[in-house]
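Each remark here refers to the structure printed beneath this line.
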Amino acid sequence: MAETSDSSLEKPTIIQQAMASCCGAIITSLLVSPLDVIKTRLQAQSNPFPKGKCFVYSSGLMDHICVCENGNSKAWYKKPGNFKGTLDAFVKIIRIEGIKSLWSGLPPTLIMALPNAIIYFTLYDQLHEALKYRLKKGDEYIPVLAGSLSRFSSLTVVSPLELIRTRMQHRKLSYKQLYLCVSTQVAADGWFSLWRGWSSTVLRDIPFSAMYWYNYERFKKMMCKQVGAHEPTFLIAFTSGAASGSIAAVITQPFDVVKTHRQTALWESETLESKSLFHRGTPHQPGQL
């Protein structure tokens, strides 16, 4: 009786799962973003980004396509640094620009990354429990199903919003102009045009999630069994996550390269196309700035 009540108390609610996902997402972003800022600055130093060039910025939660807007040095990724390496860039950015510069570009991306993380992790927990309850036996592949379905769902929800965010950031559109732009695109190409780039993201993220969660749950059980623990400790969960994430990242690296090339190529062509449409449409819309 006591064991039943303890287990029911330990089981988190969907609100607690969402809050835990949100907190974990913020911590991950704060830890990972500085590394990606330094990587981007080193790339821009060795091969300066021209106007209209796209690059991938990772908040640690998801990849975001950024489009270079102009040729001046005001943007965070165009600031001169004369860096000799990763450690040198880290020290110089803090000393010259201030420690806040290590999180340049993070706030706008969190608008999309946080909902994506909350949907993904909360849905995984819910699906994992539901499938475990229904299947009962042969639950070895439950993490694969739950991980794949939750990732598919979060990508499908967030993908059009991320496309709109990138377009709004690139062309500096007002909400009214953005609505006209999106409605015109939907009228011309259909609703599926809002999911441009979705397939290349799914190509990488679904296999990654399937492998990550399968290995994570497996490693967690193995380590709990070895130390004689009924529930995984923080160290067990952290080690399992690090090991499974590393394995999944190495195996899906070719998919990641393909995804990055396809996304950047898509947005560079989109930039040229939208620019020509914008200039052609300007004489017919005298009231629009």
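Positions of Cβ are set from backbone N, Cα and C atoms, glycine also.
Copied over from TrEMBL, here are the features:
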{"type": "REPEAT", "residues": "12-130", "note": "repeat 'Solcar'"}
{"type": "TRANSMEM", "residues": "14-32", "note": "transmembrane segment"}
{"type": "TRANSMEM", "residues": "102-121", "note": "transmembrane segment"}
{"type": "REPEAT", "residues": "138-222", "note": "repeat 'Solcar'"}
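Per DSSP, the repeat 'Solcar' (12-130) is made up of 78 helix, 10 strand, 31 coil. For the repeat 'Solcar' (138-222), the DSSP counts in helix, strand and coil order read 78 helix, 0 strand, 7 coil. If you average pLDDT over the repeat 'Solcar' (138-222) in this model, you get 82.
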